[in-house]
Each structure stands twice: as C-alpha cells, then as structure tokens.
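For reference, the structure is listed below as structure tokens.
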Amino acid sequence: MEEEDKIEENTVALLVDSSSGGGESRWVDGSEVDSEPAPEFSVEETGSKDGYGSVRRRLVKRPNRLNSLDVEAMEIAAAQGHHSKDVSIWYTLALAFQTLGVVYGDMGTSPLYVFTDVFSKVDIDNEVDILGALSLVMYTITLLPLAKYVFVVLKANDNGEGGTFALYSLISRYAKVNMLPNRQPADELISSFRLKLPTPELARAIRIKDKLEKKGTLKTMLLLLVLMGTSMVIGDGILTPAISVMSAVSGLQGQVNGIGTSAVVIVSIILLIALFSIQQFGTGKVGFMFAPVLALWFFSLGSIGIYNMVKLDISVVRAFNPAYIYLFFKKNTKDAWSALGGCVLCVTGAEAMFADLGHFSVQSIQIAFSFVVFPCLLLAYMGQAAYLMKHPESSSRIFYDSVPESLFWPVFVIATLAAMIASQAMISATFSCVKQSMALGCFPMVKIIHTSKELMGQIYIPVVNWFLMMMCIIVVSIFQSTTDIANAYGIAEVGVMIVSTTLVTLVMLLIWQSNLLLVLCFPLVFGSVELIYLSAVLSKIAEGGWLPLVFASFFLCVMYIWNYGSVLKYQSEFREKISMDFLLDLGSNLGTVRVPGIGLVYNQLVQGIPSIFGQFLLTLPAIHSTIVFVCIKYVPVPVVPQEERFLFRRVGPKDYHMFRCVARYGYKDVRKEDHHIFEQLLVGSLENFLRKEFQDLSLERNIEFEYNNSDLVSSRDPEVPSSYGADDLRMPLIQDKITEEAGTSAPEQAVSALPSSVMPSDDDPSVEYELSALREAMDSGFTYLLAHGDVRAKKNSFFSQETGYKLLLCIPKEELQISYCKYECTSQEYP
C-alpha cells in the first residue's frame, strides 16, 4: 500500500485542544515537522467533557500538504512540450546535416587506421585475406551502429537525451536506485518526470523494480556499471585525439622526404597542444564549419572508394557474402582472432550517436547515418580493399596510398581537419560526462566555464582539459604508433558498448516491458558480438591495452569514492538534524534577535532542519527575519523547466517566518543564473506559495465552518435535517467544549467563540502582512549562510585523520566521522 493511503492513529489536522485538562493548545497549519508526509486520511479520536459520549473516532480528510509546485504546475500548458522538436522534413534534414560535424567525426575518421591495424596482424597472401577482412568490417558496421544503435538504442532516450547517464536517469525514475536518498513525491510532478508506470499486469517489471529498490548490492552494481561506462568515455577523450591526429599526420611519411616517426610525433603533439589550447574559446566560434568539413570528408571517402573500385577491382563486392568471414578465420585462425581488435575500430564513435542525441533528434541521426555515413564508409573500405587487391604491400599506409596522387594534399588537409573535429567532439563529450557526474554527486566539484550565451551545453572545464592534453601528449610520446594506440582504443570502445547493451536490456525489461523473447534476443545477438570483440581486444593488454584499463580504473575510483563520501555526508546531516520541538521551545525569535533580511541557509536536506543552523543561532548575534533553507538538488531528468524550479514548504508556525526551498535541476541543466535573478525567482515563487497556501486554508476553513454549523444543530435537534451524508468525510468537531462553556446551542454564538484564524473571511490580512514582511526583508538584502563539511577518519581508525575523500573507499563506515566545523556568512556568494 502506498504511503498516502495509510491510516494513522491520533493525527490531528486543525486541532486545538491537546488534552481535556487545560494543557497547552497549538494550531498546526501544514507546517513542516520532522516526520514523514502526512497521509491523506487519518483517524482522529475526540473526547468531550459534556456527557455527550465517550471518545469518538472519525475518519478525517486531511488537506494535501501544500507546496509551491501546485502553483507552478498550473502555469504549464503542455506538460510534455518542453523537449518537443520541430518535425518538419526540412528542419529534420538540416539537423541531419549538422550531425555530420558533431556526431560522426570519430567514426568518419576510422578509415585512416582500420585496415592498417587489421593487416598488421594478418599477412596478405591471397584475396581471401582482403575479402574476409572487408566482409568483417562491413557486417560489423551493419550490425552494431546500424542495427543496434540506429534502430534500437536511440529509442531508449530520456526525453530526447542519450548516453550512459541518460539511461541511468531513466531507470532511476522507474525504480529508486539512486544511492542518495533525497527523492520526494513532488519530484514526480515535474513535467519532464511524468512517465507511464509499469502496469500491475506485468509482474515481471514489478519484480525487477522491487529487487532493484530493496537490494543495496544491485544498486551499487548498477552505479558501478554506469560509472565504468562513463570512465571509458573519458578514456576515449584521451585516446581519440591521439589516434585521430596521429593517423592524419602519418600521411606525411613517404610523401615528404625526411619525415620520419619522430617528426610525425612532434607535429602531432603540436597539433594536440593547439587543439586543447583553443578549448577555452568554445566550439561555437568555429562550430559553423564542422558540418561542411565533415560533409566534404564523407564525399571524399565515397568518391575515392568508387574511383578505386571502378579503376582497380570491382569484384570486391563479393565481400557482401559472409562466407568470406568463415574462410578468413579458417585460413588465419589465431591471427584472424587477433585482427578483430583492429576490425572493431571501424565502429569507433558509435556511442556518440546516442550520447549526442540531446543536441539533435532521433530522426535526424537515423537519416544522416543511413543515407550518408553508412554508404560512404562502405565505399571507402571497399575502395581500399580494391587497392590492396592490386597493391598488397601498401597495407601499412593504405589510406593515403589509395588516394590519387593529384588529390593527396587536399585530402591530407581535409583529413587533418576531420581528425581535429572528431577529437573536438570527444573532448566536448568528456566535459559533458564530467558535468553530469558532478550533478549525480559522483565527481569532485571543479570549475566549469560556459563558453556560449546561446548554447548552454557548450562548456569548458580547465582542469579536465589540461589533464586530457597531458595524457594525450604522453600517449603519443610513448607509443609513437597508431597500431599500439589502436590496441588501447579498442578496449575503451567495446567497454562502452557492453555497458550500453546491459542498460538498454534493463530498460526493455523494466520500462518498455517488451516480449521476453525479444528482450533476450537483444543481449544474445549484440552482447555476444561485443563479448567476442572484447575477448580479442583484451588479448592486447600487454601491447597497449592496459592503458584504457588504467584510465578507467582511476576515474572509476575517483567517482565511486566521491559518491560514497557524498552519501555518508548526507546520511550524517540527516541523522543530526535539529528537532522541530527544539525550535518551538525557543519561540518565534529563535532565542536571538531577528533583524530585517532574508537568510539563505544552504544544506543538502530536503526535509528537516540542518544541524549547522543551530551553530548559526549560537554564534551569530542576530538572525534574519525570514529564513529559507535552500537545498540544491539534482533530479533524474535532463532539464527542469524554470517555472518548476523551486519547491517551497513552510517550516514551523507562521510567526517563525521559516521556509524550505528545494531548487531542482536536471543533469543537463546549467546553474549559471546571476544571483540577483536567482533571488528574484526564489522570492517570486515564495510569494506564489504564500498566496496558494492562504487560498487553500481559507477554503478548508469555510468547509469546516459550514460542517460545524450543521453538526451543532443536528446534535441538539435530531429533527433538523442535515445537508451532509453520514458517510461524508468530515473535519473534526471542535465546538462541543465551546458551546458548553457558552451555555447555548445557537450556532451563531458557537461561531463567535471560534479563534479568528478559523473564521471564513476573505479579508484576512495575514497573508498581506506576511507578503509585505517578505518584501521588506527582500529590500534589506540577502545573506548566504554556507557550511563546509569535513569527512575524516575517527581517532581510533587505522587511517590518518586527514584522509578525507582520498581513502574513503578503504575506510569502514564505523571508522568515519563527519563534522561541520566551518561556516561562512556572505552576502555576495552565488547560488
């Protein structure tokens, strides 16, 4: 049974008399207390001293706990329209053209090095070697990018967003698998959050959901799988620039006298330094030329391929017969298995089709690949195979040798530009992965610079950028060969594909609720192929394959340890939160002086009062007249609309003037607001909340007042008809004691004895007073109250006191302590 359907004993909605002995009475008006959200219905026990009977039980309809989302959601005309894209054919074609420069740069540059790597493992003795390798490449491109990504994986998007984190976010909305327990029921009302829940008839989906939510081991395994895929993508951000730029520059060898391996390495390093140095200016300034350059590149690939087939050997079309794959393995056995590591490089960048989905649309990516990228790549590989049929000795630099002599320099320039564009796409993807990891609490906070005012997705992270540059230079300097770098590259690519296959299978089971046979076919077909390729690339560990494993392990440890520490920090803050009773004992002045102004207390709690607030009360000579506990929270959606950003609730009685604000962001959202804009949005949402609260309480009091009138008359005169049915849900009776003391049964006199806060008057000035007080506080200024949490090993722990996050993974939970010993007050800190 859901929480809101439960029945709770002795829960009071608008109760005055706490005891018949004249104990202290207090009005509770929906204020926040340190408990779970109240159920919609409750059973109330009421007693009286007037002899009308003993304790009575009554089913009371409790008002829904008010929050600002009720106001904000009404302003949204089309809940699902935030991510809608223009479906016109011309717009889709324009997007398809743009995808060439962003999505397919990595895959488009693969003809530079695929056959070079394949035939470094297999010697060309006859046409079976060439046709078998060509057939392998053709069917690999057909099976993985075309069949898997274009027709299946692209459909598993999260409101138009793709990638590993998007899949994890999608799963997190259907099953509570997030390690940070800060999910609220109100989050499910966000327009981009609403989803079709698993139907009760499909027991399989419900069982999977229950297992994921109840078993912490499965949650951890799922998180590690996502982090592993992300780590592999970051590893691609190191290897893609290295192999792409070096493969393009290697064309100078044999073409220019005196250019050897050392010269190629030096030129590659210079280009890499230039590539990473211009990142700070943003891709927007040169992005307009990406698509035309890559379009020209694909046109060159297809044209050169057709030229070589027509001029040299058109019979390479026989490679469409998959029997040549069998003959290839039969002839070369172990060497053919080793050559698979080079063959898989033809699908490098396939994950980019899914990861970059948020910038385009499913249809545009499908059109671009099906009608441009796929045929051009096939023609390019077939043209190289035709050239090898006549010149098998050219396998070491097959791409540039197959280019007509008169076109070498134009093609060299275009290839170099294409390689840099492909590198740029992976660098940008790495920045996005790091930002999304930070949003999920899985990466240390680093400085993010937004390089475009129009396109908020264009970001630059200096620390990550220079780290990638240093790693690329080291990789090029150590390996000095595209063949050795390719061995490392293959492991990273296949690793990301396997992670995607696993997550999409889970989506098919949990969300799509597809036929079980179809679900099993997906991992059996594509997963089997990927595992075969993985076994081939893992055999290259000693030849350079260890590099991506080192990178992935490093980033995996960093992200998991940071997530582990973030969860412990949240749990500690939740465990040490201040009781509401403690603040009630202090009174509305909170035991100090209240001065005009708005104090924004930043914390991680979505419910309850953080312990650091107690230290502020003890340390500061005064506290602000209005206190807002601000929690910056990321929800598992790509983007939270601005009008749904803030979620407000009242903390304590009205005269305390304390509120909770949960500022919700999606993992693709950009927190770039100017602090003045943030403050205006926050206060505007708070004013809407106060007005809506007043309207709901007024309506509730009117209903209660009318019921009490009729109930008083009917309780004294059974002949007077009642306008309410016996089974109606009613508010509790509070007039009995008042009527007895007044000595009359007249409803008018009973009503006059009621507290003024219950009177059904539309002229109640309380809301205007509170709004004016809020505006006065706003005019006095905002102060940001920030706390710094330290995670350290306990004194009796084996580890050093200054361990912090560095060795968190190795420290048992019982040996950790989390303290909030530092705090800061500033009126200039941005949110």
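Each Cβ is built from the backbone N, Cα and C atoms, and glycine gets one as well.
Owing to the predicted nature of the structure, the values given are computational and were not obtained by experimental measurement.
Of the given residue ranges 89-110, 771-792, TrEMBL assigns the label transmembrane segment to 89-110. Here the listed stretches are 256-276, 288-310, 455-479, 516-538, and the one with the most C-beta pairs under 8 angstroms to the transmembrane segment (485-509) is 516-538. Scored by C-beta pairs under 8 angstroms, the transmembrane segment (256-276) has its highest count with 221-244, from the stretches 89-110, 221-244, 336-355, 367-387, 544-562. Taking pairs at least six residues apart, the transmembrane segment (407-434) and the transmembrane segment (367-387) share fewer than three Cβ pairs below 8 Å and do not count as touching. DSSP assignment over the domain 'K+ potassium transporter C-terminal' (596-717) gives 56 helix, 36 strand, 30 coil. Relative to the transmembrane segment (336-355), the listed stretch 130-151 leads the set 89-110, 130-151, 221-244, 367-387, 455-479 in CB pairs under 8 A. Comparing 89-110, 221-244, 367-387, 516-538, 544-562 for CB pairs under 8 angstroms to the transmembrane segment (130-151), the maximum falls on 367-387.
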